[in-house]
């Protein structure tokens, strides 16, 4: 009965949402038909239509007459009566109830509203206040709590089960004999015992049946996530029973409802207000109110409600990630079957939990469009999503796939080639523009420029394909990614290279052809120098943007710099204002009229002087005799050099500290953008294989090859002109032949990279020409190719979820003893239990070596300490023995001296002691 209550509530709730969606569609059509927005007349029409969505609660109570409601029809007192759509003779859809009215509104009154006649109660409805809404019925929450209590019942131990099984067999045989012999009274009594024993046997699997039945209720998790009262939603998902339901794979289903919630949270930001009503109605089930929501409130809260959909989806990811060992039914059975007050986790429990959790994580991470949808969420929601272990596990899996590793390797090689060839080709070429130059190297210029343009065109083609795939999947995904800083850093340097190469090549060729002209220019134009200077740092920053997603510390350094620039943007405004004002004040006070120097209202020297003073240049007062400059100098140095610069240090320190704390979150944000581009590249080639791209790819290849041929011809003409200028005797057509060979070689190199990436992506690569199945090919690639790449770069690659056993055991133990009478003793045993489990889990060779090394170091240190202590004790003992012997000897000497003095004081006739006796 508890599961039936929950199922009927969900069925009624979804039926009501379907009705609201149908009627909101009519409101959308009315709003769309109004030009220039919604006027007063249209607002009243929509207001009146929205009023018809609700019915009076007392009328429904009278119709129900206190009887049990029919749950096949959503007629809860908190929901409106359904209005079934019908068709008239002309095929038009009508929404009529049993009385023939249009959702509680008569045809005449509806036509009057369309004609512009407002009813008298319109103004009264505008003054109605919206009552507090509780969209989670107490009966549903109580049912969930009862199910949680039932599932947490103690489990029958093994001895009782074995005894029950034997008794069950005996009773079953006796019951059969009684039925055969016609003994009615005895058989009834033993049949009751048999049924009781069968119920006892079923206690072991009863909670599994309950959890599975509840998890299979359609749209259960979705409707619970869409509860508007967040406190009630938190109470529901904190129940142990809901944890077990979430851990069951049936609760996710096919995952479409989860992707729909994320999509609704993204699409509402690009829609017109009239279209947002449809998405807003997905959660606007405020049917417990006696007054309907006004259209203005629908328009205002549509975006907020759609945002709540995305928030609910992220809350689901957080709930899934917070599951621990206790939430596994198998582990729960094992713990409850153990005797004693302190149950322990076994290795089999951890393996079973990992297996089920990995299947659940794989099902969530395999949802189509998950990563690209998370990329376009708002900043806070995306940060919360990428912080969950389920998303981090998905990112790790995609990052260390064969295609991702291959793409990273080739992209890194392309970036290095671009930087090197740019400094070998157009970089030095602009310094050889003089007609009298004799140091120009033609082969270096030709090879570097051709390889540079080949790599640039390859990158432009990749960016174009990714952009096309993203736009075809979601225009919002395309624009949100195109306007980011890192995308600018990927694309702008490519166009800057083209802007440098073509003008430098053109200028170099013209200067070579004008070698005999005395009026020809000799110097290098400043525009070319500026273009090369601006392009060089962008290329190096592009390399940092490529490698930032592989290492945790590197990602923290790079992304924290971006975060610091965001934090100090308003500080820079204040600093610039202070510097500008003081620089103009210095110029006004220090300027002296003269014939050689003209006064400038905005002096560059004044701004430079203010900047150098901020950095510690205190020579300003020595060059001026104006006493007012001293006071201005003191104010400036105190306000800018001391106060503002210390504020800058504090802001930078706080920003870097916060970035260090959330380093994994920053790394996950960097990786999710890379995985999104990788998925878009994958989708483009899937579209090309399926024939959905048409001739786009062919046109793109033809255009790029034609552009490459034109640029190659220009390079050849430039090199031939420089050869003629410098007097080299080169056969005509030799440079063209060299260019053709280079063009074919570089084209083959690009084609090999491209084809190998696509083959790995589409799983069509066969090693050593052997035919293989898709599964065998994927296994071979993962085993050899990806493994070798990972071993090559293993020292610089970090996982987001490398080993979470410690966290898992700690959370499971805390959850196990939470709220119990043995909480204190359980907390005392937590450390020892965690140590035992961690010692058991440390089975890898690397961990064992580390432990042995650590133990050896500790033993060595203890031995050294023991040796030092023993040496100190021996030294103290020697000192004590020495001092004791010295005291004894000195005491003996004193007694001997006293004895001698006594003897020597006696008379000679009374004492005759020989020298030998005295010695003795």
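Each residue, glycine too, has its Cβ placed from N, Cα and C.
TrEMBL assigns the feature transmembrane segment to residues 485-506, out of the candidate ranges 463-484, 485-506, 507-528.
In TrEMBL, the annotation transmembrane segment applies to 736-753, one of the ranges 736-753, 754-771, 772-789, 790-807.
Transmembrane segment is the annotation TrEMBL gives to one range among 423-441, 442-460, 537-555, 594-612, and that range is 442-460. Cβ atoms under 8 Å from those of the transmembrane segment (485-506) belong to residues 418, 422, 425-426, 429-430, 449, 452-453, 456, 459-460, 463, 527-528, 531-532, 534-535, 538-539, 541-542, 545, 562, 673, 711, 714-715, 718 of the same chain, restricted to positions at least 6 beyond its ends. When the stretches 403-422, 442-460, 570-591 are ranked by Cβ pairs under 8 Å to the transmembrane segment (736-753), first place goes to 442-460.
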